Structures are given as C-alpha cells and as structure tokens.
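Per TrEMBL, NADP(+) binding site is recorded for A:Arg48. Among the features that TrEMBL reports, FMN binding site is placed at A:Arg125, A:Ser126, A:Ser127, A:Gly288, A:His303, A:Pro304, A:Pro305, A:Val306, A:Ser307, A:Arg330. The region 'Disordered' annotation in TrEMBL covers A:363-387.
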There are 4 protein chains.
Amino acid sequence: MNGNRFGRLFQLTTYGESHGDAMGVVVSGCPAGVELSAEDIQRDLDRRKPGQSMITTSRGEPDEVRIQSGLQDGYTTGTPLGMVIENKDARSGKYEPFVTAPRPSHGDFTYSAKFGTRNWGGGGRSSARETVNWVAAGAVAKRVLAASDHDVQIKAHVSQMGDIEAPEVSFEEMLEHSEENEVRCAHPETAEAMRDLADEYQSAGDSIGGAIYFECRGVPRGLGAPRFDGMPSRLATAMYAIPAVNDFEYGIGREARTTAGSEYTEDWEFDDDGDPTPVGNDHGGIQGGITTGQPIYGEVTWHPPVSIPKSQRTVDWETGEEKDIQVVGRHDPVLPPRAVPVVEAMLYCTVLDFMLLGGRINPDRIDDRPGEYDTDYHPRSPENVDD
Amino acid sequence: MNGNRFGRLFQLTTYGESHGDAMGVVVSGCPAGVELSAEDIQRDLDRRKPGQSMITTSRGEPDEVRIQSGLQDGYTTGTPLGMVIENKDARSGKYEPFVTAPRPSHGDFTYSAKFGTRNWGGGGRSSARETVNWVAAGAVAKRVLAASDHDVQIKAHVSQMGDIEAPEVSFEEMLEHSEENEVRCAHPETAEAMRDLADEYQSAGDSIGGAIYFECRGVPRGLGAPRFDGMPSRLATAMYAIPAVNDFEYGIGREARTTAGSEYTEDWEFDDDGDPTPVGNDHGGIQGGITTGQPIYGEVTWHPPVSIPKSQRTVDWETGEEKDIQVVGRHDPVLPPRAVPVVEAMLYCTVLDFMLLGGRINPDRIDDRPGEYDTDYHPRSPENVDD
Amino acid sequence: MNGNRFGRLFQLTTYGESHGDAMGVVVSGCPAGVELSAEDIQRDLDRRKPGQSMITTSRGEPDEVRIQSGLQDGYTTGTPLGMVIENKDARSGKYEPFVTAPRPSHGDFTYSAKFGTRNWGGGGRSSARETVNWVAAGAVAKRVLAASDHDVQIKAHVSQMGDIEAPEVSFEEMLEHSEENEVRCAHPETAEAMRDLADEYQSAGDSIGGAIYFECRGVPRGLGAPRFDGMPSRLATAMYAIPAVNDFEYGIGREARTTAGSEYTEDWEFDDDGDPTPVGNDHGGIQGGITTGQPIYGEVTWHPPVSIPKSQRTVDWETGEEKDIQVVGRHDPVLPPRAVPVVEAMLYCTVLDFMLLGGRINPDRIDDRPGEYDTDYHPRSPENVDD
Amino acid sequence: MNGNRFGRLFQLTTYGESHGDAMGVVVSGCPAGVELSAEDIQRDLDRRKPGQSMITTSRGEPDEVRIQSGLQDGYTTGTPLGMVIENKDARSGKYEPFVTAPRPSHGDFTYSAKFGTRNWGGGGRSSARETVNWVAAGAVAKRVLAASDHDVQIKAHVSQMGDIEAPEVSFEEMLEHSEENEVRCAHPETAEAMRDLADEYQSAGDSIGGAIYFECRGVPRGLGAPRFDGMPSRLATAMYAIPAVNDFEYGIGREARTTAGSEYTEDWEFDDDGDPTPVGNDHGGIQGGITTGQPIYGEVTWHPPVSIPKSQRTVDWETGEEKDIQVVGRHDPVLPPRAVPVVEAMLYCTVLDFMLLGGRINPDRIDDRPGEYDTDYHPRSPENVDD
C-alpha cells in the first residue's frame with residue numbers, strides 16, 4: 001500500500017534512494033533452518049551491479065551486503081533478516097539542473113506532484129538502484145527453495161533488443177549461455193548482434209528497448225489462489241514493479257488474441273505417473289489462475305532508458321522558463337541485460353511466497369514437516385558460543 | 001491472499017459459484033453520503049448479462065441485485081454494502097461428464113489439484129460468472145467518483161478480434177459507439193466485421209481470441225505509490241484477475257521494445273495553467289509508477305473461450321480411461337464483448353482506491369472536506385422514518 | 001482496515017445492520033474437505049439468539065443461516081463460504097427519537113461524527129446483532145479444527161456479574177455446566193445468584209456489567225508470531241472487537257502488577273514425553289507471544305448495557321434542544337450470558353488462523369498432508385449429480 | 001502476519017536481535033514535508049536507553065540512530081525512512097548456559113519450539129531491546145502530528161508498582177513530573193516510594209510488576225473504524241505487542257464489571273461550540289469503537305521481569321538433565337519505568353495511523369490540503385545543492 005512492501009508470507013520491505021546513504025531490505029517470513037551467508041547474496045548482487053561491462057553505467061558501486069539480523073551460526077532463525085547495502089559512489093551534482101526542471105519521461109515530475117518534494121539525486125527513490133534490494137531478497141528466496149524438498153529452477157534471458165529477436169532457446173540453453181555474455185542473451189550469435197546494437201545506440205547518445213523471457217521449472221501443481229490472487233496477477237504485480245516495464249504476458253501471451261479455441265485448448269493425457277497432464281504448454285503452466293505443474297513462462301517488455309545524452313526540452317516550474325537539458329549521468333543504453341537478475345529475483349520471491357501460502361513449505365521452519373514439530377526445538381550448533 | 005478480495009481502502013470481497021445459490025460481494029470502504037440505488041448497479045449488470053445477444057451464452061440469468069446493507073434513505077453510510085445476486089438458471093447436469101475428467105484448458109484440473117475437490121457445476125468458482133460481483137462493485141465505485149469533486153471517466157471497447165483490428169478511435173467515439181453494437185467495438189464498420197467473425201467461429205463450433213482497449217480520463221496527477229504499489233502493478237493485478245487474460249500492456253506497451261530512447265522520451269512544456277505537461281502520451285499517463293494527469297490507457301488480450309463444442313480429448317482420473325468429450329454447455333464464442341463492462345468495473349475500483357489512498361477523496365464521507373467534519377453529523381432525511 | 005474483516009488466512013468479512021435486510025459473512029480461507037452443514041452453524045447461532053430466556057431481549061429472530069457458496073456435496077471446497085442470515089423482526093420506529101439525539105454511551109454520536117450519517121434503526125451497524133456473523137464463522141472454524149489432527153477445545157463461561165464472582169471452575173465443569181443455565185455460569189449456585197441479580201437490575205429498569213472467563217485446550221506449542229503478531233495481540237484484537245468490552249487480560253492478568261518475579265517465574269521440568277514443560281500456568285499458555293502448549297486462558301470485562309429504560313438526558317443537534325429520553329427497545333440487562341458463544345467463536349477463528357499460518361493445518365485442504373497432494377485431486381462424491 | 005510489522009498507512013517494519021549487529025526500523029507511509037532530524041528521534045531513544053539510572057540494566061548502549069533514507073534537506077519525502085541503531089555492548093557469553101536449557105518464563109523455549117532454532121544471545125529477537133525500533137518510529141509519528149493542524153498530545157506515567165498505587169494525576173501533572181524521576185511516576189512522593197520498592201526488590205535479587213497509565217489528548221472525534229478495526233482493538237494490539245504485558249484496559253476498564261448501567265451511561269449536553277459532548281468520560285474517549293473527542297485513557301499491566309538472579313530450575317533438552325540456573329545478565333528490576341516512552345511511541349503510531357486513514361491528515365503530504373495539490377510540486381530548498 002505504501003509502495004515498499006512485496007509478498008504475503010515471504011515479504012520484503014525496502015528503503016533507500018539512489019544517492020542516499022544506503023539501500024536496505026527487511027525480509028520477513030523466511031523460514032528458519034536455512035543455511036545462508038552474505039556470499040550467497042553477493043553472487044546475485046554482482047550480476048546486477050553497475051559497471052560490470054561497457055554497456056552498463058560506470059557508477060562504481062561495490063554493492064556489498066551486510067546481513068544485520070536473522071541468523072544464528074549461519075542458519076536463518078525465522079525472524080526478520082535486515083540487510084543493508086551502502087551507496088558509495090553517488091555524485092548528485094549532475095542532477096542539480098533537474099531539481100525543478102523535470103527530466104523527460106522520468107519520475108521527477110510525478111514524485112514531486114505527489115509528495116510536493118522529492119529526493120532528487122540520481123532519481124532518488126524512483127531509481128532502478130532500488131532493485132538491488134530485490135535481488136538481495138531474491139537470493140534469500142532462492143536459498144530457501146534450494147533447502148526445501150522441491151526442485152524449483154528459475155532462469156531468464158534477454159529475448160529481444162530493438163528489432164533483434166532471439167530464436168527460441170531451451171531451458172538448458174538459458175542455464176548454460178545466458179550469463180556468458182554482457183547482454184545476457186542465451187543465444188550466442190544473437191547476443192553478439194545485440195551487443196553491437198547496444199553499442200550503436202550508446203555511441204549515438206541514444207538508447208533502445210528490449211524484452212526478457214523467463215521460465216520457472218519445478219513449480220508444483222495446485223499453487224495460486226482463485227481470482228484476485230491467481231498466479232498471473234501476482235506475477236504481473238512483480239514484473240510491473242520493475243522500472244520501465246510496459247508489457248507483461250505469459251503463455252502464448254499477446255498471440256492469444258488471434259488464436260482459435262480449437263487451436264488453443266490442450267487435451268489431457270496421463271503422464272508416466274498416471275497423473276493427468278496437458279498435451280502442450282501454450283497455457284504457460286497456469287490454468288484458472290492455478291499452476292498445472294508445467295513450466296511457467298512469459299515475456300516482459302522494457303521501454304528504452306530515458307536518461308540519454310541527446311538534448312531534450314523541459315520547463316522549470318520555479319522560474320517558468322523552458323530550457324534544453326542533457327542527462328549526462330552514467331546510464332545504461334538498454335535495460336534488460338541488467339534486469340535479468342531482477343526478474344529472476346522477483347520470480348523467486350513470488351514462487352516461494354505461493355509455496356508457503358499453499359503449505360508446500362512449512363512457514364516456520366524448513367527442516368521439519370508438520371506434525372513432527374515436537375521432536376526438535378534445539379538451537380543449532382550450541383557449541384559455537386562466543387562472547 | 002485468499003483469492004476473493006480486491007482493493008485496499010475500497011475493497012471488494014466476493015463469493016459464489018456459477019451454479020451455486022447466489023453470487024455475492026461485500027463492498028467495504030465506500031465513503032458515506034453517496035446516493036446509490038439498485039438501479040445504478042443494475043444498469044451495468046445488464047451490460048454484462050448473459051443472453052443479451054446471439055454471440056453470448058443463452059443462459060437466462062436476470063442478474064437482479066439486492067443491496068442488503070450499507071444504505072440509509074438511499075445514501076451510503078460508510079459501512080459495508082452487502083450485495084447478493086441469485087443464480088436462477090443453473091443446469092449442472094451437462095457438467096457431469098467432467099467431474100473427474102477435466103475439460104481441456106479450464107480450471108477443472110488445477111482447482112482439484114489444489115483443493116482435492118471442487119464445485120464442478122458450470123465451472124464453479126472458476127467461472128467467469130464471478131465477474132458479475134465485480135461489475136456490481138464497479139458500479140458503486142463509479143457512483144462514488146461521480147459524487148466527488150473529480151471528473152473521472154473510464155471507457156473500454158473491443159479493439160481486436162482474431163485478425164480484425166479496429167483503427168484507433170477517440171475517447172468520444174468510445175463513449176458514443178461502443179455500446180451500440182453486440183461486440184462493443186467503437187468503430188461501427190469494424191464492429192460488423194467482428195460480428196461476422198464471431199458468427200463464423202460459433203457456427204464452426206469453435207471460438208476466437210481478442211483484445212480490449214481502455215482509457216481513463218480525469219485521473220489527477222500524483223496518484224499511485226512508488227515501486228510495488230505503482231499504478232501499473234495495480235492495473236495489472238486487476239486485469240489479470242479477469243479470466244482468460246494472457247497479456248496486459250499500457251502506454252505504447254509491447255512496441256516499447258523496438259523503440260529508441262530519443263523517440264520515446266517526451267519533452268515537457270507548460271500547459272494553459274502554467275503547469276508542466278508532457279508533449280505526447282506514449283507513456284500512458286504514468287511515469288515512475290505515478291500518474292502524470294494524462295489519460296491512462298492500455299490494452300488487454302483474451303485467449304479464446306475454451307468451452308467449445310468441438311470434440312476434445314481428456315482422461316478420467318477416477319477410471320483411468322482416456323475419452324472424447326464435447327463441451328455442449330451455453331458459451332460465448334469470444335470473450336471481450338462481455339468483458340468490456342468487467343474491465344471498466346475493475347478500472348473504476350482501482351482508480352477510486354488510489355483516490356482514497358492518495359487523499360483525493362475523503363475515505364469517511366464524500367460530502368465534506370477534512371477540517372469541516374464537525375459541522376455536520378446529521379443522519380440524512382430523518383423524516384423518512386418507518387417502523 | 002475498513003472495520004469488517006478479521007483474520008489473516010482464515011478470514012471473515014461481514015456486513016449488515018441491526019434493522020437492515022440481512023446479516024452476512026463471507027468466510028475466506030477455509031480449507032477444503034471439511035464436512036459442513038447449516039445445522040453445524042445453527043447450533044451455535046441458537047446459543048446466541050435473542051429471546052432465548054427472560055434475561056435476553058424479546059426480539060424474535062429465528063437467525064436462520066443460509067450457506068450460499070463454498071460447498072460441494074456437503075464438504076467445503078476451499079473457496080469462500082457466503083452466509084446470509086435475514087433479519088425478520090426489526091422494529092425501527094422506537095429509534096426515531098434518537099435519529100438526531102444520540103442515546104447516551106452508544107455509538108450513535110460517533111458513527112454520525114465519522115460518517116455524517118448512519119443507519120440508525122436498532123443501532124444499525126454498531127449493534128451487537130453483528131456478532132451473529134461471527135458466531136456463524138466461529139462454527140465453521142470449530143468444524144475445521146474438529147476435522148484436523150488436533151484436539152483443540154475452547155470453552156467460556158460467565159465468571160462475574162456485578163459483585164457476584166464465580167469460584168474457579170475446571171475446564172470439565174465449564175463443558176458440563178456452562179450451558180445448563182440462562183446466565184451461562186458453570187458454577188450452578190453462582191449461576192442462580194447471578195440470575196437473581198440480572199432480574200433485579202432488569203426490574204429496576206437498569207443493567208449491570210460482568211465478565212467472561214475462557215480457556216483454550218490443545219493448542220499446540222510454537223503458535224504465534226513474534227512481536228506485533230503474538231498470540232496476545234491477536235486475542236486482544238478479537239476480544240476488543242466485541243461490543244462493550246473494557247478490559248482484556250490473560251494468564252494472571254492484572255494481578256501481575258503486584259507479583260514478584262520469584263513468584264511469577266515458573267521452573268521447567270520434563271513431562272512424560274521428555275519434553276520441557278513449565279511447572280504451573282500463571283503465564284496463561286503464552287511466553288514471548290508464542291504458545292507453550294499449556295492451556296490459554298484469560299478474562300474479558302463487559303460494561304453494563306447502555307440501553308436502559310431509566311430516563312436519560314441528551315441533546316438534539318438538529319433542533320438544538322436538550323431532552324429526556326427512555327430507551328424502551330428490547331434489550332438485555334447484562335451482556336456476558338449471550339456473549340459466551342461470541343467469545344468462543346472469536347477464539348476458534350483466532351486459533352484456527354494461527355494453526356493455518358503456523359503450518360499445523362494445510363491451508364488448501366485438510367484431508368492431506370503436504371507432499372501427498374498429487375495422489376488425490378478427485379472431487380468428492382461425483383455420484384451425487386443433480387441437474 | 002510475520003510479526004514485525006505494525007500499522008496500516010503509517011507502518012513500521014522492524015528487525016534486529018538483542019545481541020545482533022543492529023536494530024532497524026523502516027517507517028513507511030510517513031507524509032512528505034515534515035521537518036525531521038536524527039536529534040528529534042534521539043531525544044526519545046535516550047528516555048528508553050539502558051543504563052540511565054540505578055534501576056535499569058547497566059548495559060551500555062549509546063542507541064545512536066542513523067536515518068539512511070527518506071529525507072531531502074531535512075524534510076521527509078513521503079518515501080520510506082530507513083533507520084538503524086547499532087548494538088555496541090552485547091555480551092552473549094552469559095547466555096551460553098541457556099542455549100538448550102530455557103530460562104523460566106522467557107521466550108527461549110517457545111521460540112525454539114516454533115522455529116527449531118533461535119538467536120539466543122540476550123534473548124535474541126524476543127528481547128525488549130526491539131522496542132528501541134518502536135521508540136524511533138514513535139518519534140517520527142510525534143513529529144508528523146506536531147506538523148499537522150491537530151494538537152494531539154500523548155503522555156504516560158507509572159501508575160503502580162507492586163502494591164504502591166499512585167493517586168490520580170492530571171494530564172498537566174504528567175507532563176510536568178513524569179520525566180523528573182527515575183521511575184517515571186508523575187506523583188513525586190509516590191515516585192520516591194516506588195524507587196525504594198524497586199531498590200528493595202533489586203537488592204533481594206528479585207523483581208516486581210507494575211502498571212502504566214496513559215492519556216491521549218486532542219484526538220479528533222470520529223476516528224476509528226467500526227467493529228474489528230475500532231480504536232480499542234488497535235490500542236490493544238499495540239499495547240499487547242510490548243513484552244510482558246498481561247492486561248490492557250481503557251476507560252473505567254475492569255471496574256465496568258461491577259458498574260450499573262444507570263451509573264455508567266453519560267448524558268449528552270452541548271459544549272461551548274454547540275456540539276454534543278458527553279457529561280463525563282468513563283467511556284475513555286471511545287464509544288462504539290470510535291472516538292468521541294474526549295481524552296482517550298487506559299492502563300496497562302506488566303508482569304515482573306523474569307530475568308532474576310534468584311536460583312531457578314530448568315531442564316536441558318540436549319542433555320536431558322535438570323539443573324539450577326541464575327540469570328546474572330544486566331536486567332531491570334521493574335519494567336514500567338523504561339516502558340513509558342515505549343507506550344507513548346506506540347500510541348503516537350496508532351493515533352497517527354488513524355488520522356491518516358480517517359482523512360484528517362493527507363497521507364501524501366502534510367503541507368497541503370486535498371484539492372490544492374496542483375499548485376506546489378516543488379522540491380524543497382533547491383538551493384541546498386551539494387555534490
């Protein structure tokens with residue numbers, strides 16, 4: 001409701017501005033008993049980090065996470081994890097011209113219109129820097145799922161940049177190739193072409209849009225609540241929270257509008273276990289808002305970054321003057337490459353939340369099954385006592 | 001969380017199955033002092049009603065709403081409105097073959113996988129019949145907005161059916177033409193072609209997908225919370241709750257992926273009041289998740305109805321047999337025409353919710369402004385006393 | 001937030017006014033697979049019903065509940081239960097004098113101050129008639145708990161009326177005696193004295209306060225979240241929602257203020273299963289906000305009913321006049337006797353909610369344990385098909 | 001739900017353990033435009049701080065708060081305030097004997113029973129150290145209320161310790177005297193007696209219970225939602241979140257059970273403004289769950305601290321042995337003196353939350369009234385630009 005909370009049982013609450021002291025995220029509802037270290041989180045933060053390649057902003061943030069609570073001897077305790085990532089390389093001066101003269105297509109004007117003020121350095125609270133918090137939380141969710149009895153795997157890659165569209169790739173190809181190249185496209189040749197395109201736009205002082213394809217494997221059937229809390233609504237909420245997203249589709253998505261029912265419907269057959277399973281997966285793993293057990297997949301569209309060196313026109317509401325501005329900060333020419341870990345993080349959080357709500361993972365602790373609580377109320381590793 | 005609640009301050013809680021006794025919706029958080037009658041609601045229910053034309057199911061539901069609480073002398077009291085719509089024409093017998101043999105691409109299997117049981121008549125809780133509740137709540141929201149100081153107008157129309165795409169229409173054309181024809185397309189010639197296409201698929205025992213375009217005018221700037229509670233996330237939640245939706249986009253949507261930054265960004269200029277206003281509205285009325293004051297617009301894609309007379313293949317998990325089935329119930333050949341009032345209803349609810357959260361409308365009562373509470377605590381119309 | 005919702009996973013949403021058409025409650029989050037009938041609910045409604053004895057209002061309400069959704073062949077489906085109880089014996093005329101002249105110590109003035117209007121017949125939305133909804137929901141919660149692997153038992157009785165205090169009674173005595181007499185006190189002699197006291201105040205046109213003692217047995221240890229969502233906070237929320245409650249305490253309650261630590265603390269010993277168990281239960285089954293497995297008990301205080309025939313003084317805000325009024329409606333001389341089933345209902349709802357949140361009962365379905373979902377997605381009793 | 005969130009529109013989310021790295025609180029929903037500094041918060045933290053007198057623990061915590069986000073040039077921005085307070089003087093060694101041998105009447109056992117593990121140093125997450133977060137958030141709420149058009153004043157004092165009961169004091173006496181002495185009792189002579197009593201128990205290696213009386217002035221009438229979200233339920237939730245609370249009452253509280261209706265009800269008269277006002281305030285400022293405009297008051301009971309040097313008996317669930325323990329940490333002999341700022345903080349948060357929900361304060365920004373949004377979207381103090 002206040003804009004900084006996501007999830008129901010597995011819940012993140014975030015704070016921080018691009019050029020503020022620190023970014024922070026509180027993870028509530030993480031089951032106890034999961035081995036977790038700062039390194040587990042750092043790995044994913046590094047994938048999102050600025051400055052990782054020529055096509056990302058050169059801002060030099062180490063993005064080092066400190067876990068300030070929620071652990072005992074390296075295991076989660078079931079109580080909130082407080083994580084803080086300090087901002088180290090904020091240079092707000094370049095944003096001074098925009099204090100009362102909003103940059104085109106940013107949140108500058110709307111934040112000020114809503115709040116009558118805003119933290120203006122580096123885009124403040126509306127900056128994509130916020131997603132560092134989400135990636136930290138997503139890494140926790142990934143660890144929890146890995147510690148459970150379930151084999152949930154989530155991967156995304158850049159499927160389109162401008163007019164360059166990657167051919168369909170398998171989940172295995174995504175796992176193998178998407179982190180090999182700077183654009184995070186799992187199809188190596190396409191990745192090269194995308195890389196060139198990004199360079200081209202960057203050199204021209206311009207930027208370009210793109211898209212990410214994602215897939216979630218191993219999500220058990222029967223997850224998702226009817227109607228307003230169906231899997232699609234929650235996925236959409238998660239994806240639309242990511243800055244600059246303009247479209248979210250799942251299954252065959254937009255193509256569904258030109259598809260006939262006889263073509264769309266998928267017959268049922270028995271799988272090897274004798275369970276009903278649909279022939280095909282145009283439905284994207286979801287029917288009636290609830291999972292079928294087939295992979296969940298979809299695609300998300302980003303508009304181009306709006307921080308571009310090209311001269312743009314704005315007005316200064318303080319002086320009443322029109323003026324030309326250039327956004328000469330340090331910016332990415334295309335968003336999806338760095339958004340891949342963000343998409344994955346939000347998917348991990350969303351899927352885990354449904355697993356907890358649906359009783360697939362015990363919300364209190366992961367090392368026990370309901371009904372067997374009473375045999376084990378031992379704190380872990382009592383030998384490791386330090387003063 | 002439980003799947004039957006929508007909204008934060010203006011909140012609907014629903015119940016009911018397609019072939020159950022009644023559909024019901026509790027509207028919580030409706031401000032006091034708004035004139036409201038069953039007729040206000042009936043008007044919109046009639047637009048959604050089955051049997052209204054040849055291209056809708058022939059199920060004969062009067063869809064008469066009874067308001068059981070929340071009014072005094074024709075005005076809302078600020079306390080919950082309980083509304084009930086009885087089901088009068090349920091014929092469950094035709095669904096008997098599907099009890100343990102799920103219809104392809106319905107929620108039959110997933111509901112049973114989740115709950116171990118389901119209300120199976122007419123699709124039960126997963127049926128689109130549920131949307132009758134939403135239209136009732138949306139009619140209340142529309143009344144509240146009309147009673148406020150704001151001039152919010154919302155309209156949708158069918159923009160695509162199969163390969164037939166309507167040309168762009170103005171908001172005024174939508175208001176004028178979209179309710180004139182059975183397919184609810186605001187472009188009369190296209191409407192005719194769509195109507196023919198629907199007939200064609202219906203005659204062939206088949207169905208077809210489609211899309212709805214919507215627009216919200218008069219939504220004040222500064223609405224929407226940062227990040228997870230931005231306007232796009234909430235709109236997406238609302239749209240993805242509607243059965244059979246596969247894609248939601250706003251602004252230029254999916255096209256954004258092929259768009260350059262220099263093309264996408266919109267300069268600022270002063271409007272006639274001396275306020276900054278963007279040149280153009282490719283951003284769809286939302287920047288940084290918060291409204292700019294420009295119209296909010298977007299498009300939603302429906303897959304084809306999956307209840308089709310054509311023979312389909314399924315398996316019976318009770319008997320272990322494969323079998324052919326025909327879904328010979330009463331069904332629509334295309335969903336968007338009857339979904340237009342549903343889209344509008346969900347938009348009204350969503351926008352009002354943001355207006356209340358953003359302090360634009362007093363959440364307690366609409367006839368007063370904060371600070372002037374004390375002068376008026378009179379129940380309305382005390383003369384109308386009956387025993 | 002809106003005042004008509006209670007619970008997190010097991011959630012009730014209510015509507016209705018004392019003299020409106022109907023009372024209604026939507027129960028969301030009830031697990032599937034629980035046998036449930038209107039009779040199960042009616043039993044508890046009858047215990048709360050007006051007119052059941054000389055010391056309750058003579059209003060003649062049958063309080064017949066209709067379950068409009070959420071069942072299939074007599075078992076819950078996991079989707080919302082919509083329940084409606086029509087008001088049959090509302091006589092609003094007697095409330096006409098109070099429309100703009102608030103009754104002393106009622107919600108008349110505060111509702112009008114908040115909403116600028118109110119449903120004034122019989123106290124409208126502020127009437128204790130609302131608790132009929134809660135008792136219906138509590139009966140559902142009781143059924144769910146009974147169908148689970150747990151043996152939770154909850155009972156309350158009237159422990160004090162005016163100066164008459166019941167001696168301590170055992171849980172078994174509560175079970176055996178509390179429903180035997182009109183005042184619902186489990187100590188027969190005290191019950192008689194209370195009955196006489198109630199008569200006395202009633203005859204004098206006056207009313208009297210009282211208290212209820214409650215106990216919950218079989219609540220497993222480890223329930224309740226830390227800090228803001230501890231068991232005490234949730235119990236208090238539940239009890240303070242009941243009209244006319246002025247005090248809630250648990251464990252030794254108010255006496256704790258005069259108790260020394262050496263006296264209060266309870267040593268640990270091993271129980272027969274070799275589990276740590278506290279010596280004594282002054283802590284009321286809760287330590288650190290979380291259950292110990294010992295019985296949860298507490299006491300709730302009601303102020304006297306404020307609808308009394310004695311002449312009272314008020315002002316008419318419409319006319320500006322002071323005037324004497326008599327509240328000659330049909331009212332109870334003391335509240336706890338009819339509040340016993342209400343207390344029990346709210347406790348059942350609260351405990352079940354914690355059981356679901358704590359993973360003790362599967363939130364989707366009660367007949368399966370997590371991990372065994374896949375073997376059974378059969379709708380129940382498919383043979384019982386009717387058209 | 002997860003135990004670390006409080007409030008609806010004005011919301012705190014907390015983390016931290018007694019001996020962890022840091023305590024932290026995220027304040028969401030704070031309106032923009034309120035002048036706020038770390039000093040504003042520090043003042044209240046210092047009142048709660050350990051080591052402030054001989055009757056508090058000697059743990060040496062500076063309790064210095066850092067505000068990591070949510071400000072621009074000293075004013076709130078409407079986006080989340082992240083606050084961190086580092087733990088500097090944690091000595092966990094003394095807690096080693098209790099790792100698998102729970103201290104009597106602490107949360108040691110219940111946390112382990114729930115989570116299968118716990119952060120055991122200093123009581124971990126169940127420690128009263130957590131309330132430092134609440135006091136920080138309460139200081140923010142106090143600033144917001146001070147910046148509003150309303151004159152809300154909240155004060156508490158220690159009204160009872162063991163058998164020593166303070167005489168009734170006026171609100172002005174509380175303001176003047178409650179912070180003058182170590183026990184925070186506003187009646188100077190009683191304070192001395194209480195101080196002696198605390199010494200006595202401390203010297204004896206024992207502890208004692210007590211109570212706090214609170215009062216909220218200037219809360220406007222019409223606040224609080226009906227039924228489940230009435231003012232009493234929310235106050236009770238807040239008070240029962242405070243560790244070691246066993247009783248919460250408001251108005252005449254527990255005495256109501258022996259009071260007659262004719263005595264309890266309060267006539268209405270006109271006040272100087274011609275508004276209805278009740279004669280007397282036995283109702284504690286709340287009728288029908290909604291405020292009357294009269295002061296809200298109540299009393300909260302604490303059990304004695306359970307960390308006492310006296311030898312106690314426990315069992316070790318690892319070794320299976322019974323053993324004697326002494327809790328020789330640094331502890332308070334009585335809780336209310338340091339709980340006074342905690343009670344006030346929770347009341348400030350609760351009242352502000354209702355003010356925002358009830359439209360009395362604009363949830364987005366405090367310097368504007370609804371309807372006048374458009375004239376001011378200027379970030380504050382644009383001159384104060386630094387790089």
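Indices start at 1 and increase along the chain as displayed.
Glycine is treated like the rest: Cβ placed from N, Cα and C.
On the structure: features taken from TrEMBL.
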residue	record	CB count, 10 Å
A:Arg48	NADP(+) binding site	25
A:Arg125	FMN binding site	29
A:Ser127	FMN binding site	22
A:His303	FMN binding site	28
A:Pro305	FMN binding site	25
A:Ser307	FMN binding site	24
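Counting in whole angstrom, A:His303 (FMN binding site) lies 18 from A:Arg48 (NADP(+) binding site) by their C-alpha atoms. Distance from the CA of A:Arg48 (NADP(+) binding site) to the CA of A:Pro305 (FMN binding site) is 16 Å. The residue listed as 'NADP(+) binding site' and A:Ser127 (FMN binding site) have their C-alpha atoms 14 Å apart, to the nearest angstrom. A distance below 8 A between C-beta atoms marks A:Arg125 as the binding-site residues from A:Arg48, A:Arg125, A:Ser127, A:His303, A:Pro305, A:Ser307 lying next to chain D. In the three-state DSSP classification, A:His303 (FMN binding site) falls within coil.
Here the binding-site residues are A:Arg48, A:Arg125, A:Pro305, and the ones sitting under 8 angstroms from chain B, going by CB atoms, are A:Arg125, A:Pro305. A:Ser127 (FMN binding site) falls outside any helix or strand according to DSSP and counts as coil.
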